Amino acid sequence: MSKQLLTVSTSPHMLGGMSVRSMHVEYIIALIPALATGVYYFGWPALLTVLLATGSAVVCELALTKLAKQPTKLDDLHAVVMGLLLGLILPPVVAGLEDACPWWIPVVGGALAVGLGKVLFGGIGAYPMNPVLIAWAALALSWPEHTMAFLDPMPWGTEDPEWVVSTAPLVEFKNDIGNMLSYEMANLWSGMYPSAVGAGGSWALLLGGVYLIIRRIVPWQIPLGVLAGLIGMALLATYTDSRIVEMELETFNDHWNVALFHMATGGLMITAFFLAPEPVSSPMTPWGMLLFGVGIGVMTVLVRHWGAPIDGAFYGVLIMNAATPLFDRIRPRVLGKVGSSA
């Protein structure tokens, strides 16, 4: 019997010099600074959260492929990357601490990312929305108190750290918009505030994101669009949000600090460089990518200022994922096509 030379699989069909496994290895390398920052500020609880989410995703993928009698594809590291990303956007797990995120949240989340977000739609290459954010949204809607149970940071080396569940800057922002002026910008950008395991270290995420762009794993258009949309909408909000108008910001630097606050807090940076550019659920055309990113940035600010949820970055990605087929209709002009003015 002759060997089958034609492989039938889901789109997109692209040829390139990098395998799926190699691409995911690059993602893991790029996420190391964010993970290290999370472990530095939140210690072993941060590492435990990531291990639980990653282990759950891997076990779920193995179990579902065995159940479906399909070949196991754990070696492509997709489940590992999904679990790692999910662990980084969840609060640290602390056993025995009341009101802290319980251990089963990352376990359930890892299983949901693989089962509900990926396998249900046909596996890698077939899902319409980011599987990690589908899992996060399911957790946030089902157990909002657990997904917002952030800890006060305790830098590595603190003797006998006493973990305390605290209020994140965006929650303070919702309660009283003037609270954003009480935060040191350096602390926000370094991750020295109550946040998810790896979503707070903006400098670390920026470093990893630039690495992925240089390695041509992530297209530059999506992160640029997210940041441009967020900055533009944040500056506009300083003139349209009555609560900020009442603060009577005097200089452009005051208005700019509002944009910097939005960039450094919540899940914006991990969204811009890691979650929004997810290759399966994001657009493939240059202008489509840029507008996709702008939409996420604008929606992030709209939700933070006028919406019910605390942060709009993750929800913005899911909504823009639904519009990806429309963005893919924005194609560059065919080479040699005569314009209307010819």
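Just so it is clear, glycine is given a Cβ too, placed from its N, Cα and C backbone atoms.
For 24-42 (among others), the entry in TrEMBL reads transmembrane segment.
Residues or ranges marked as transmembrane segment in TrEMBL: 77-97 (among others).
Residues or ranges marked as transmembrane segment in TrEMBL: 103-121 (among others). Within its own chain, the transmembrane segment (103-121) has Cβ neighbours under 8 Å at 48-50, 52-61, 64, 78-79, 82-83, 86-87, 90, 93, 95, 127-136, 138-139, 143, 146-147, counting only residues six or more beyond its boundaries.
According to TrEMBL, the transmembrane segment annotation covers 192-213 (among others).
Annotation source TrEMBL lists transmembrane segment at 220-239 (among others).
The transmembrane segment feature in TrEMBL is assigned to 259-276 (among others).
Annotation comment: TrEMBL describes 288-306 (among others) as transmembrane segment.
When each of 24-42, 77-97, 192-213, 259-276, 288-306 is checked for Cβ pairs under 8 Å to the transmembrane segment (220-239), 288-306 comes out on top. Counted over residue pairs separated by six or more positions, the transmembrane segment (192-213) shares at least 3 Cβ pairs under 8 angstroms with the transmembrane segment (24-42), which defines the two as touching.
Beyond the transmembrane segment (24-42), the same-chain residues lying 6 or more positions past its ends with a Cβ under 8 Å from any Cβ of the stretch are 50, 76-78, 80-81, 84-85, 88, 92, 151, 153-156, 190-192, 196-201, 204-205, 207-209, 211-212, 215, 217, 270, 273-274.
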